[in-house]
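Listed in TrEMBL for this protein:
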type	residues	note
REPEAT	A:89-123	repeat 'PPR'
REPEAT	A:222-256	repeat 'PPR'
REPEAT	A:323-357	repeat 'PPR'
REPEAT	A:393-423	repeat 'PPR'
REPEAT	A:424-458	repeat 'PPR'
DNA sequence: AGGTTTCCTC
């Protein structure tokens with residue numbers, strides 16, 4: 001019996017023979033507890049240790065504690081003939097400790113630890129990593145500290161790596177630096193696992209340079225090392241550097257693994273690097289891991305972020321298994337690439353099919369709501385949120401605020417916000433944006449003050465919404481102050497959107513010269529957004545000269561955009577300069593720039609009717625125009641006069 | 001290991 005078990009275990013323990021998939025845990029102990037116990041009476045402590053390890057691996061606390069009981073009843077290490085008894089006792093105790101830690105029973109783990117007649121570094125490490133793996137970081141750090149201060153026991157490389165793993169989660173950079181120093185002074189820094197853990201922790205704490213320094217100075221590097229750096233860079237949004245490193249690895253001696261490909265793909269998503277992403281797609285196909293669910297999700301995400309929904313959809317359709325993540329990815333892809341209807345269809349299908357819904361999917365689908373999606377469905381999703389018990393999720397709450405806000409239900413947004421048990425920066429930003437969107441700039445500023453008084457730090461989006469609010473209320477000085485606050489006090493570099501917002505604000509207030517001066521003084525080359533903002537303002541004030549300048553700049557930036565021509569044509573129209581208007585339109589046509597024709601549509605009893613200007617296609621067109629003219633009559637009687645300012649004489 | 005919410009102009 002004992003030989004059989006041992007033989008099986010040794011084969012399984014050997015890393016070479018251990019299958020990669022789908023085995024994730026050890027062998028199962030199939031015999032019943034009772035029969036196990038009868039054997040145990042005669043078993044050696046070695047076998048008990050092995051059995052305890054097995055129980056630990058598969059989380060069999062019941063059988064494990066039976067074994068523990070049998071040890072207490074008849075301690076194997078005291079009656080066993082072969083010495084040395086202490087060594088055996090230590091191993092058995094360590095296995096026991098490991099069992100309780102793995103099963104999450106830290107209370108008994110500590111009891112075993114305290115009762116151990118003899119401990120070694122492994123005992124300490126087991127307990128410390130047990131605490132960390134169960135998220136009891138405080139106790140873990142406390143035991144690590146005791147180990148450091150102990151005069152009897154010495155820490156080793158494993159104590160350092162398991163403690164480092166907890167530093168990443170808490171972003172405790174101080175502890176990372178201390179462990180780094182300890183590692184160097186004790187010669188453990190050359191240990192590959194320590195180097196890997198150090199690099200990983202530095203990246204988790206956003207100390208990118210330190211992480212890279214550790215990586216660069218490592219004498220030996222394995223897949224884990226490379227992957228730590230590639231994913232560390234990706235997680236800190238250094239996508240380009242991450243991909244560069246991936247390329248270096250790919251041409252080197254160490255082969256990437258599944259995790260490396262996932263990290264590289266996420267960098268491609270961040271960079272919207274379709275070409276590189278597709279290359280990795282090819283590589284994973286060659287390796288035969290393209291059907292791994294994680295790889296599939298990462299690929300779909302990459303294609304979605306590169307606006308290639310057809311490619312993303314192909315993967316989704318051919319996927320044999322779907323889960324919450326892959327569904328979320330496709331929902332976000334459709335939602336953010338302007339395919340709101342498709343996203344809704346998939347979501348509704350999933351709900352109807354009884355697919356497991358999670359909060360991430362909900363916040364993803366809430367992203368489809370905009371001005372042209374009816375809010376009836378939004379209300380249904382809100383009730384689903386309450387039914388599923390997701391109402392306290394921050395992401396879901398934020399999604400609901402925005403859904404109501406974009407559907408024009410301001411009070412509902414406020415209600416959701418007030419009821420949220422936890423709010424984050426995005427929640428506050430969403431409220432500020434909501435008020436800005438609804439034209440209540442003062443309320444937006446008020447919520448900003450409230451946000452700061454609660455100790456919540458603003459983000460760049462906060463400032464964007466504030467600038468938006470200032471723009472609509474005409475608070476030019478306040479807006480300029482916010483820009484300064486953002487740069488000087490918060491140390492943030494404004495994005496082009498911020499600059500465009502300032503130009504918009506100055507322009508709306510009629511400060512066209514100041515807007516141009518502001519653009520001239522920018523530290524970066526202005527882009528489309530900025531010129532569009534200036535051009536828009538010229539349109540409001542009918543400034544032909546400035547408008548021409550802005551339109552020229554815009555046409556240079558985006559040669560195939562109709563916007564500069566149409567805007568200029570409109571400015572000429574409202575000044576009555578029909579000749580220049582005609583020349584502008586002619587120029588646009590000569591350059592082959594096409595204006596996309598505006599299409600409107602209406603849904604009546606699940607049928608969609610679309611129509612364009614002066615449409616004659618509808619079979620009941622005459623009746624439609626009849627009603628339309630009657631409505632015009634009513635409008636005129638009520639005192640509403642059509643605004644023909646942009647329409648030239650020939651079009652009237 | 002893969003995913004989610006906020007963002008100027010119209």
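In case you wondered, yes, glycine gets a Cβ from its N, Cα and C as well.
Unlike curated records, TrEMBL annotations are generated automatically.
It should be emphasised that the depicted structure is a prediction, and the values quoted were computed from it without experimental measurement.
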- request: Using a Cβ cut-off of under 8 Å, list the residues of the same chain at least 6 residues beyond the repeat 'PPR' (A:222-256) that approach it.
  value: 192, 195-196, 199-200, 202-204, 206, 208, 211-212, 215, 262-264, 266-268, 270-271, 273, 276
Statement: Per the Cβ under 8 Å criterion, with at least 6 residues separating them from its ends, the repeat 'PPR' (A:323-357) contacts 293-294, 296-297, 300-301, 303-305, 307, 309, 312-313, 316, 364-365, 367-368, 370, 373, 377, 384, 388
- request: Would you mind splitting the repeat 'PPR' (A:323-357) into helix, strand and coil residue counts from DSSP?
  value: 26 helix, 0 strand, 9 coil
- prompt: Would you list the DSSP helix, strand and coil counts for the residues of the repeat 'PPR' (A:424-458)?
  reply: 26 helix, 0 strand, 9 coil
Query: Looking only at the repeat 'PPR' (A:393-423), what are its DSSP counts of helix, strand and coil residues?
result: 23 helix, 0 strand, 8 coil
